[in-house]
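Marked as domain 'CTLH' by TrEMBL: 95-152. Annotation source TrEMBL lists repeat 'WD' at 268-309, 313-354, 367-389, 525-567.
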Amino acid sequence: MGGVEDDEPPSKRVKVASKELRGCWNGTSLKDPATCSLGVPMARPLASQGGDEVLGSKGVVKKVELVRIIAETLYSLGYAKTGAHLEEESGICLHSSAVNLFMQQILDGNWDESVATLHKIGHLDQTVMKMASFIILEQKFFELLDGEKIKDALKTLRTEIAPLCINNNRVHELGSCVLFPSQRVFLGAPAQNLVRVKSRADLLEELQKLLPPTVIIPEKRLVHLVEQALDLQREACIYHNSLVGEMSLYTDHQCGRDQIPSRTLQILQDHRDEVWFLQFSHSGEYLASSSSDCSAIIWKVNVDGRVSLKHKLSGHQKPVSYVSWSPNDNQLLTCGVEEAIRRWNVSSGECLHVYEKGGLGMVSCGWAPDGKSIFSGVNDRSICMWDLDGKELECWKGQRSLKISDLGVTSDGKQIITICRETVILLLDREAKAEKLIEEDSTITSFSLSTDNKFLLVTLLNQEIHLWNIEGHIKLVAKYKGHKRSRFVVRACFGGLEQAFISSGSEDSQVYIWHKGSGELVETLPGHSGAVNCVSWNPTNPHMLASASDDRTIRIWGLDQVKMKHKATHSNGIHYCNGGS
């Protein structure tokens, strides 16, 4: 490492200099760079405390790295004196003398000296060296322009920046700033104060990201490592279904089974025949269900979690197989089996419009993201787009849908998803006028699109549920098994906190729940006396699940409060989130 030798004891050097520089670096107490004086180097590592010593039972944590990261954390939290004492007592410096000098020179605007010091810092390859020099000299160039020192700025561009032979396009842009001052605005520089393009503190932050972490510890590195550890614990916990805020640093994290909605809280019995479909609204404030009794029902989810009937929607002449909520939840579409689509006012229960196509029947429905048009699958295997008044806007003919079909529309409205053949799902890109296909080996009975539009859950005749990643290159990522399905359409859904679970109905009268990431079956819910046709997880309450059955009922599932223990229960160093297993 380059730098000046020390003459003062470490304690004096640290106490005078560290707090101000760390404040400038981390943005916690930015002062005038001219007052951040650190003209002397920090303590050097002691020979007896070299970089080879490791900590922990696995021998993978290097002591020097850990101490440096802790020191950076202390400074970033504003504990400058404590950080300085750690450096002094351990003999392990956060940064080398050359790095400290370099950082101070940046804050002071000593550009030529900082470039010279940069070359004295070890562990830098030529590419990084050139890129860092370019960024520094660009700042010098802008500050010279800001000070109306045009000739000096031009000289810096020609004799210092251009010879680096990198980023030629940027060099031309900088040149245009000299010839055409108005161009400075287009580079993000206010004409009156060009240095605001990049303050010196921002310049330090940019250099920090460019230089290797062995040279300058990334800001808040320890916090980032802790967050990674918590994420890994959460992902490994197959029952995790509550907010991250419930996790603790004091113990290892593990949720109990009681975080999964497994207890019947309500049985809704207002349908007169089999309940085929149900779906919570986007806000979670409503639930809509449809039945072979030719009706649909809008239910209100009250503040106390109880569900009550709001409107019973009559008018269909055939069983109602599908419902779809408008983006703002103010309206609802219902689709009869190869019949018509009806649009309803959620507040009043009034039918606002009936969508029909001469001699043909509708099989599915969905909303455009702006709520100004709807889509429908038609039993001639076409997909139609309508305005709210019933005018047909566009129609995609051919093998676009089946008579029994789901319909998905991505949240940007660009893709329409439907079952186009028994074993094939079509992803139709409306803008690019392109098609992608998901081909299965077994007959497809239904599918569900995740809220982030990244995944598609496909239910198959062979009693499997497949999870496909449809973002970019389409690929199969998981399979879920255990439920029973032989004769009927059984639907599955995403749900729980961050949609970390998969739930499905089943012909054995039970609800099945799997952990999405691991594929492990975490719960089966008995209670229905007929096939469970459809399930829906409340999108805003991870502890509320609804199921629809041939037994003419809807069950509302919630947490089993009887089995839940005190939220802060601990056992053998494991933190149980809202209870133990």
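Every residue gets a Cβ built from N, Cα and C, even glycine.
Remember, it's a predicted structure, so these values are computed and weren't measured experimentally.
Broken down by DSSP into helix, strand and coil, the repeat 'WD' (268-309) contains 0 helix, 22 strand, 20 coil. For the domain 'CTLH' (95-152), DSSP puts the residue distribution at 44 helix, 0 strand, 14 coil. Across the range of the repeat 'WD' (525-567), the DSSP-based residue counts are 0 helix, 17 strand, 26 coil.
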